[in-house]
Amino acid sequence: MITKSLLTIEQVNEIALDTFEMKLKATVSLDEVEPGQFIHIRIGNDNAHQLRRPISIADLDKPKQMMTIVFKVVGTGTETLAQANVGDKLDILLPCGTGYPIDKLEVQKALLIGGGIGVPPLYYLAKQLVQKGVEVIVILGFQSKEYVFYEEKFASLGVCHVVTNDGSYGSKGFVTNVIQEQSPTFDYYFSCGPTPMLRAVSQTLSDKKGYLSLEERMGCGVGTCFACVIPTPESSTSYKKVCQDGPVFEADEVIL
Amino acid sequence: MITKSLLTIEQVNEIALDTFEMKLKATVSLDEVEPGQFIHIRIGNDNAHQLRRPISIADLDKPKQMMTIVFKVVGTGTETLAQANVGDKLDILLPCGTGYPIDKLEVQKALLIGGGIGVPPLYYLAKQLVQKGVEVIVILGFQSKEYVFYEEKFASLGVCHVVTNDGSYGSKGFVTNVIQEQSPTFDYYFSCGPTPMLRAVSQTLSDKKGYLSLEERMGCGVGTCFACVIPTPESSTSYKKVCQDGPVFEADEVIL
Amino acid sequence: MNNLAVELPGLSLKNPIMPASGCFGFGREYSKFYDLNKLGAIMIKAATKEARFGNATPRVAETASGMLNAIGLQNPGVEKILAEEVPFLMQYATPVIANVAGSTIEEYEAVAEAISRSSNIAAIELNISCPNVKEGGVQFGTDPTLASEVTRRVKAKSNVPVYVKLSPNVTDIVEIAKAVEAAGADGLSMINTLTGMQIDLHKRKPVLANKIGGMSGPALKPIAIRMIYQVRQQVSIPIIGMGGITSAEDVLEFLLAGASAVAVGTANFQNPFICPEIIDALPGVLEKCGFSSVEDAIGKGHEHATADISGA
Amino acid sequence: MNNLAVELPGLSLKNPIMPASGCFGFGREYSKFYDLNKLGAIMIKAATKEARFGNATPRVAETASGMLNAIGLQNPGVEKILAEEVPFLMQYATPVIANVAGSTIEEYEAVAEAISRSSNIAAIELNISCPNVKEGGVQFGTDPTLASEVTRRVKAKSNVPVYVKLSPNVTDIVEIAKAVEAAGADGLSMINTLTGMQIDLHKRKPVLANKIGGMSGPALKPIAIRMIYQVRQQVSIPIIGMGGITSAEDVLEFLLAGASAVAVGTANFQNPFICPEIIDALPGVLEKCGFSSVEDAIGKGHEHATADISGA
Ligand SMILES: Cc1cc2nc3c(=O)[nH]c(=O)nc-3n(C[C@H](O)[C@H](O)[C@H](O)COP(=O)(O)OP(=O)(O)OC[C@H]3O[C@@H](n4cnc5c(N)ncnc54)[C@H](O)[C@@H]3O)c2cc1C
Ligand SMILES: Cc1cc2nc3c(=O)[nH]c(=O)nc-3n(C[C@H](O)[C@H](O)[C@H](O)COP(=O)(O)OP(=O)(O)OC[C@H]3O[C@@H](n4cnc5c(N)ncnc54)[C@H](O)[C@@H]3O)c2cc1C
Ligand SMILES: Cc1cc2nc3c(=O)[nH]c(=O)nc-3n(C[C@H](O)[C@H](O)[C@H](O)COP(=O)(O)O)c2cc1C
Ligand SMILES: Cc1cc2nc3c(=O)[nH]c(=O)nc-3n(C[C@H](O)[C@H](O)[C@H](O)COP(=O)(O)O)c2cc1C
Ligand code: FES
Ligand code: FES
């Protein structure tokens, strides 16, 4: 069940250009939280910002009730967030959405494909997979060298390829280039990133089973406003809500 | 000349119900500031609040570049201000308006009449008068006991009468009742408070010379927007601007 | 005695607070946050005759103290809403107000007829002001003749009171309000969103796929207050007010302007508990401002108090 | 080459930033904060034929991300403005745009004639949209026939280009824009304020003595962008855009929507240095968004960029 609570900021670090990692202490239990879920964060405490911002859960320490998020400053909301101080409290809705259903899957080997700010949720996913004995291969795509983060963290969990659009770090190109070059074998793929990337990934891997975590602008974040719908193949009016039914979907469940 | 600068909050105290005293450290010189002038404070640093708030200068320590303001929480702006923390910076315009012209006056004995949040600027005025060898008599009006502040401070400078609307502290009634009962003698009176009070004061003391400090809702605070005009007796279109020509006016200079 | 209660045509409200249409779905999600019995009423999401997918995404954008939306009346169609969504709300002792939309007068009539066959709907909110659909919607709300016609014809098909929801995107809201009153409206609901746009500087095109969307939230409040105040002076049917409400103080401002009840929209997204929080805070705010009840405050901003000369 | 320069009828602007009418007085006060040579142009406070005192106070109120004002065209009359205020501005190499207001077409003509006798005014901003006066003002801006008539007659008396300032308080802004274009307007200035109200909960009456005021500030921006975007698609005379600008990013958004230059109003009150700060920030913002100049960005929000598949 989603609840509203306050998280206390215990640490803020700029871990790559415009990219911040924040460690948050919860007063509510995080035991039910699954990889791929997100928190919906209120920005400021006055009326200037009417909409909350969805940010994925990048890591969890359930016994310590600690959560990590990683976000990139792209506009006023994330900018305000980045300026918050240690000790400040974030008003959040938690846990939002439906994550990666890894407990229901038969998987020995998984391919994780993340792009930009789609990388963070894959980290907690990778940790959970490895803990279940799954072998993980990771492909991370970034704009350029300055934006790369979490490479070592992923490398400690499995093979990790980094690709940058401009080739300033790792190989040059898109995540799909790496998939094509490496042709890795796996049972399931799990991908998160901007929609154009997910579209390319799901086309490239159209013969494989996989899960995509989508990004869409949100209003409520809890399923009431219909801001975040994505069409599904059943009919011309069928849909899923990214905030509630997603953000994680089976690759063929939605029309990108 | 008015400049924009940042003041650092060094202390915030609730000195009466909903009434806060704030000590501020300036980085610019305060030497030119006169009693009766005000600062125009930006609220927050986003777009939620478009208008600055005018607050009088209650005290100054020019060598130390320290300023004191006292304000009552009456709405969202003053509420936000009251929640500021020590170390926070206030974006202000300073010094605004025209103060009490005490250096140009021949005065041996002065009557100071303050109402509610009109009391603070009279304190720096009283100090300056006393320093010039002027004897001061002070009448302070408040709604009720919980709102009374600065009585001892004024009492250390001269005779100080406190009156409350409900009689819960000092005598009961309005400042004008005290004037009528005490019939003090003085050369000039100086008054600050809500317009209805100033109107009553200037009527009661119509045969005396005096100065009034007016309150009016402000836009710019520097004389450009014409939000704060007050009619003057010369003609049907003649006016003064409270933010620039005032807030202090000779009692017969404006039509209340 | 409950000093929050309000009686309106077809609606005995325990308090004047209801979630606004389109901002509360059909109640299921927020029912997990709190007991919907707490609410004065519930305005459910717009219903059209057939299912609609609505507009392409992005459908929302944030603006200063507001937001834009262009959902485009996505809904499963009136029959499905009545069969699958409304029954859930019947467990609550809270009246349901159905928002009726359409592209043609015939569609409006058909939706109103379907609703009138149900016994679960307490009132209709006739949405002649949706700015986010290509056809219908807002044009009915900006032309007094069309507004009057659709009101008259929907009234004829409805067995529950009809509150006509007005668009603020007009030169003269009073003219429209008078037209729908004359056409038989039982009440007014005002205001819907003001059409606006935001442009993405990098993509060099409007943020919303629909380009234009409706602005809601606190930014809209002064416009809503002005329009309600103006309409209250010339029209006598009751008004359900909305536009930027985020606090009990805002509610009182709407009551003073002339609204008899209010709806809270966008604020639900910022704080899912906003409606119950406002309901809890309202008695204190009424008292602080010297009102004995909600009914006592309605329209009181039109009488002018005199200033006092108190020292503070 | 100065990549901020813009050429408009009667106005060679070194940059597209000017303070908006009524928010900068006649320049004296802000000239103490910075060198007015920095500005693209200056829009001075409205002039009427005779001196006006304006409305009673309170004249302003704060709203969420905005403000209401009801100054009521206070000014010393056009002759005094030309004799006592404008000469001060002649020391700056910054064109002065005079805002012309009136209650009757004859008054508008008289003010325009007086201005045309002066050689110090580069252009007229014809204010047919002031919401804060009992007569004239806004009604000329909400009726296409009247708007066209006043434009035509003022044009006939003017020897400088005339920019007609449009009111957003209309159902169809494009209709008004087309009417004034057809009547000979050289350009448009849009938008003026949206009428709103705020009610004092304790005094139980509107905060503003005039009851209704005009809403300006960031809250208004989405409305301004939408209207400029719509008008740009159907009208070819240049637009000076305004409404809630507080940053160089906002300026670019107005350019993309179709404005050729912009005015900054309310933001001056929050930050007296806002105009020079925006001017300094603009080149960087243009560059970051891939524009080589201001001229390059004008209207570019109407062409649709395609998405890319980059990983970030
Ligand atoms: C389920 C989900 C998980 C996400 N997880 C992360 C994460 O872990 N780290 C991270 O950096 N970002 C994440 N994002 C994207 C993040 O929500 C946006 O970058 C952020 O909302 C931008 O806010 P802003 O105010 O800085 O930008 P602005 O552009 O000023 O925001 C304006 C509005 O647009 C929305 N918006 C803008 N960009 C996006 C976007 N890419 N996706 C969704 N809404 C957007 C904002 O929420 C806001 O409502 C996630 C998005 C979703 C939907
Ligand atoms: C020259 C001058 C000096 C002042 N000095 C002091 C002082 O030393 N201490 C103090 O407590 N107050 C003082 N005031 C009054 C103070 O400015 C207001 O109480 C304050 O602006 C209220 O802001 P708010 O956001 O809390 O209230 P809100 O009611 O939310 O404010 C809304 C708007 O109304 C304006 N406003 C509301 N009340 C007043 C008022 N009484 N006078 C002027 N504008 C008002 C605000 O500035 C703002 O623009 C002074 C006013 C003036 C004009
Ligand atoms: C996301 C969203 C969806 C909406 N959908 C509808 C709708 O279906 N029918 C309707 O009449 N109004 C709809 N509205 C308008 C609201 O009911 C309300 O009139 C408006 O948002 C102003 O109130 P607010 O500022 O409290 O949100 C919608 C508003 C939002 C923000
Ligand atoms: C205090 C004030 C006074 C104004 N006076 C005038 C005026 O005299 N003539 C005019 O055409 N517009 C006037 N305006 C409108 C502005 O020029 C501008 O169109 C509007 O405020 C929107 O811009 P902004 O949001 O940047 O303030 C005034 C606005 C304000 C806030
Ligand atoms: S964001 Fe509201 S339904 Fe998904
Ligand atoms: S507040 Fe703007 S002129 Fe005084």
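Here the Cβ of each residue, glycine as well, is placed from N, Cα and C on the backbone.
According to TrEMBL, A:C220, A:C225, A:C228 bind [2Fe-2S] cluster; the candidate from A:C192, A:C243 that the record adds to this site is A:C243. Listed in sequence order, the binding-site residues from A:C225, A:C228, A:C243 having a Cα within 10 Å of the Cα of A:P54 (FAD binding site) are A:C243. Checking the binding-site residues A:R53, A:P54, A:I55, A:T78, A:C220, A:C243 against chain C with a Cβ-Cβ cut-off of under 8 Å leaves A:C220. For the domain 'FAD-binding FR-type' (A:2-102), the DSSP counts in helix, strand and coil order read 8 helix, 48 strand, 45 coil. Close contacts with ligand 1, defined as a Cβ under 6 Å from any of its atoms, occur at A:P54, A:I55, A:T78 among the binding-site residues A:P54, A:I55, A:T78, A:C220.
All protein chains considered, the CB of A:C228 ([2Fe-2S] cluster binding site) has 29 other CB atoms within 10 Å.
According to its DSSP assignment, A:C228 ([2Fe-2S] cluster binding site) is coil. Neighbour count (other Cβ atoms within 10 Å of the Cβ, all protein chains): 29 for A:C225 ([2Fe-2S] cluster binding site).
Between the listed binding-site residues, namely A:S56, A:T78, the fewest other CB atoms within 10 angstroms of a CB are found at A:T78. Comparing the Cα of A:C220 ([2Fe-2S] cluster binding site) with the Cα of every entry in A:R53, A:S56, A:T78, these being the binding-site residues, the smallest distance points to A:R53. Nearest to A:S56 (FAD binding site) in space, judged by Cα atoms and limited to the binding-site residues A:C225, A:C228, A:C243, is A:C243.
All chains included, 20 other C-beta atoms sit within 10 angstroms of the C-beta of A:G77 (FAD binding site). Less than 6 Å separates the Cβ from ligand 5 in the case of none of the binding-site residues A:R53, A:P54, A:I55, A:S56, A:T78.
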